[in-house]
Amino acid sequence: MDSDGPRLSAQAQAARNKMRRSFKVKSVAIVGIIVATYALYVENRLKDPFYQPGCSASWTGGDCATVFKSSYGHILSHWGIVPKGSVLDLSLPILGLVLYGSYWCAISISSPFPFREEIFLTAAIGGGCFSIYLLYVIKVILQEFCIVCFSFHCCNFAILVLAILEYRNPEVKKAKKAD
């Protein structure tokens with residue numbers, strides 16, 4: 001047996017595991033994009049007084065319409081950062097599309113760039129903290145349950161775990177400087 005045989009096998013295994021992480025991030029990002037697209041669809045349809053969203057059915061145990069119609073659905077104006085109804089008064093589904101699209105694009109870049117892992121981890125920590133805040137809002141302030149929001153939070157926490165793993169052992173290795 002060749003002395004490099006087991007070593008190459010371990011390297012191949014490590015590469016395969018790292019490729020899986022990239023695939024997992026992309027998969028979670030795609031789920032987030034799908035959920036955000038559905039949330040945007042529901043948000044737009046809620047203007048019709050006769051529309052009953054599927055996410056508000058009895059099987060979900062909650063009413064996502066209550067959450068979407070609340071001022072928290074447009075968090076930037078709720079916090080007073082932008083005026084209500086302004087162009088920058090983006091809804092949570094639109095912010096979700098931007099966030100998950102950014103995750104998908106960033107993890108798709110196969111060459112190293114400055115602060116790649118740090119930016120990914122910072123964004124994921126921000127997403128996790130924002131999810132904790134929104135979970136508090138939904139359960140304590142609004143006293144509601146939203147299956148769509150729950151799906152967003154699952155995506156955010158999954159991305160956070162993957163970002164921590166990526167920070168600790170980056171999939172895209174930085175080029176080593178010659179001495």
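Each Cβ is built from the backbone N, Cα and C atoms, and glycine gets one as well.
Annotated in TrEMBL:
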{"type": "DOMAIN", "residues": "20-167", "note": "domain 'Vitamin K epoxide reductase'"}
{"type": "TRANSMEM", "residues": "23-41", "note": "transmembrane segment"}
{"type": "TRANSMEM", "residues": "119-136", "note": "transmembrane segment"}
{"type": "TRANSMEM", "residues": "142-167", "note": "transmembrane segment"}
Secondary structure tally of the domain 'Vitamin K epoxide reductase' (20-167) (DSSP, helix then strand then coil): 110 helix, 0 strand, 38 coil
Average pLDDT across the domain 'Vitamin K epoxide reductase' (20-167), rounded to a whole number: 90
